[in-house]
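> What Swiss-Prot records for this protein is below:
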DISULFID  CYS2-CYS8  disulfide bond
DISULFID  CYS3-CYS16  disulfide bond
SITE      HIS5  site 'Key residue for the high potency for alpha-7 nAChRs'
SITE      VAL10  site 'Key residue for the high potency for alpha-7 nAChRs'
SITE      ASN11  site 'Key residue for the high potency for alpha-7 nAChRs'
MOD_RES   GLY17  glycine amide
Amino acid sequence: GCCSHPACNVNNPHICG
């Protein structure tokens with residue numbers, strides 16, 4: 001998912017924590 005991709009994790013802190 002998104003949180004396994006560093007850039008997506010950075011751009012989605014409300015999803016990934």
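Just so it is clear, glycine is given a Cβ too, placed from its N, Cα and C backbone atoms.
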> Kindly assign HIS5 (site 'Key residue for the high potency for alpha-7 nAChRs') to one of the three DSSP-derived states: helix, strand or coil.
coil
> In angstrom units, rounded to an integer, how far apart are the Cα atoms of ASN11 (site 'Key residue for the high potency for alpha-7 nAChRs') and CYS2 (disulfide bond)?
10
> My understanding is the cutoff is Cβ-Cβ under 8 Å with a sequence separation of 6 or more in the same chain; which residues meet that for CYS2 (disulfide bond)?
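CYS2 (disulfide bond) has long-range Cβ partners CYS8, ASN9, ASN12, ILE15, CYS16.
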> CYS3 (disulfide bond) has how many other Cβ neighbours within 10 Å of its own Cβ?
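Around the Cβ of CYS3 (disulfide bond), 11 other Cβ atoms lie within 10 Å.
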> Hey, what's the Cβ neighbour count for ASN11 (site 'Key residue for the high potency for alpha-7 nAChRs') at 10 Å?
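The answer is 12.
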